[in-house]
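A.B. asks: Would you mind keeping the following structure in view while I ask a few things?
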Amino acid sequence: MVKEKINEKSEKIKKKGRWGFVVGAIFVLSLAILVSNMTLFAYNTKSCDCKDSRKYTGIVEDCCCDYETVESLNKEVLNPLLQELVTTPFFRYFKVKLWCDCPFWLDDGMCHLRDCSVCECPDNEFPEPFKKPIQNKLSSDDLICQEGKPEATVDRTLDNKDFRGWVVVDNPWTNDDETDNGEMTYVNLQLNPERYTGYAGPSARRIWDAIYTENCPKYPSGEFCQEKRVLYKLISGLHSSISVHIGAEYLLDEASNLWGQNLELLDERVLRYPDRVRNLYFTFLFVLRAVTKATNYLEHAEYNTGNPAEDLKTQSLIRQLLYNPKLQAACPLPFDEAKLWQGQSGPELKQQIQKQFRNISALMDCVGCEKCRLWGKLQVLGLGTALKILFSVDGQNNVAQPLQRNEVIALVNLLNRLSESIKFVDEMGPTVEMTMKNRVSALGGHNNIWKRLFSLVVGPR
């Protein structure tokens, strides 16, 4: 009897000791989780300083430049020039048809989130030469935004001045009727940045599903001819760039209007998929090749906004971009378009791919977020302009049709968006990947500790 009481008391002491250990362990564990979560997303300088941590090396597939050259040229030359160029009055304003019915399915209606809306230009903001050839000066810092009705009245007529560059002609690769000015409005791109808008769910997924499944499916490598591979990679690269911009400027807290980087989204949508990153680089080089091929045209174009000082600056920046010695020495031919459309089936294949890209262009009218529709139309027109420059050529390999002003604006702004994405992936990619690995490791460690605690309390099975 006495022995039983002693054993019972001993067991109580053991249980009390065990629970004391568990409570102490939980406290220590909670403290460890708190500290680790605070440091998970800290900037890991060691991972970025490592010279051998470069993930993408060698020649960019189907291109003529390597990853290291692209990254250094973009950081030192292209990105600084493009960042300055897109803020000039000429490249700041884009003419767009925002109010169109979706030609493929019943419209879901426009998104009502605050960040989905587009601020249109009032009549007195965008350059007079964009409307008619009258010399009115536009202030370089005149960034007035008109709040109110989306049907803001603007003079949408085009410049009728006799200049060989700025003609009114449809792009054979895109769907919009650029000659129909009655539906057009001007938008200040500096006031409507491409970033997170909250547009997601079935409506957004349906757009991308239609683009990929119906217009540029990913064939098995053996069945994937180079021309079709180009179209797929262009769309994939553009998709990656859009995702990078959403993740790089994300609404972290709507209540306080706090914006910042969503590293988890960047990893989930782009960085953990090497082919998406590679396609981003490919699209950048493809568009860069289109710009360099159009050198003679772009150099002599008239960048007239009615502000002589700003217009001279624009011309100077364009020449710096086209004739940069570092670019010409390191990557003189970013992409070799002469390899495509060879053989008897070349013309037929080009028509097929052109039709597919026109369908992709038409799908932009189905985007249910106004700001997403704006940037979708601009960047698809930019890609269509690059395709027009490289593939709609005459017997001497010259562009068969002259470029119109809106095409040049879209082309340069697209190149800038891709440049920003390349820069962000180059600078932040290793940090994001290391952060995600640390997070997975930390969560794995936490799970193991909880399992041990559970076995201590419940006992072995």
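Positions of Cβ are set from backbone N, Cα and C atoms, glycine also.
Here TrEMBL flags 21-43 as transmembrane segment. Taken from TrEMBL, the feature disulfide bond applies to Cys111-Cys116, Cys369-Cys372. The FAD binding site feature in TrEMBL is assigned to Arg195, Thr197, Trp208, Ser236, His239, Arg269. Summarising the annotation, TrEMBL assigns active site, nucleophile to Cys369. Taken from TrEMBL, the feature active site applies to Cys372.
I would like each feature placed in context: is it buried or exposed, what are its neighbours, and how far apart are things?
C.D. replies: Packing around Cys372 (disulfide bond) is summarised by its Cβ count: 23 other Cβ atoms lie within 10 angstroms of its Cβ, all protein chains included.
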A.B. asks: Cα-Cα, whole number of Å: Ser236 (FAD binding site) versus Cys372 (disulfide bond)?
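C.D. replies: Between the Cα atoms of Ser236 (FAD binding site) and Cys372 (disulfide bond), the distance comes to 17 Å.
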A.B. asks: Whole-number Å distance between the CA of Trp208 (FAD binding site) and the CA of Cys372 (disulfide bond)?
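C.D. replies: Cα-Cα, rounded: 13 Å.
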A.B. asks: I'd like the number of other C-beta atoms within 10 A of the C-beta of Arg269 (FAD binding site), please.
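C.D. replies: That number is 18.
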A.B. asks: Return only the integer: C-alpha distance in Å from Cys369 (active site, nucleophile) to Thr197 (FAD binding site).
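C.D. replies: Here the two Cα atoms are 8 Å apart.
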A.B. asks: May I ask which residues of the same chain, at least 6 positions away in sequence, place their Cβ under 8 angstroms from the Cβ of His239 (FAD binding site)?
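C.D. replies: Listed in sequence order, they are Trp208, Arg276.
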A.B. asks: Taking the Cβ of Arg195 (FAD binding site) as centre, how many other Cβ atoms lie within 10 Å?
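C.D. replies: Arg195 (FAD binding site): 16 neighbouring Cβ atoms within 10 Å.
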A.B. asks: List the binding-site residues among Arg195, Thr197, Arg269 whose C-alpha is within 10 Å of the C-alpha of Cys372 (disulfide bond), in sequence order, or say none.
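C.D. replies: Cα filter at 10 Å returns Arg195, Thr197.
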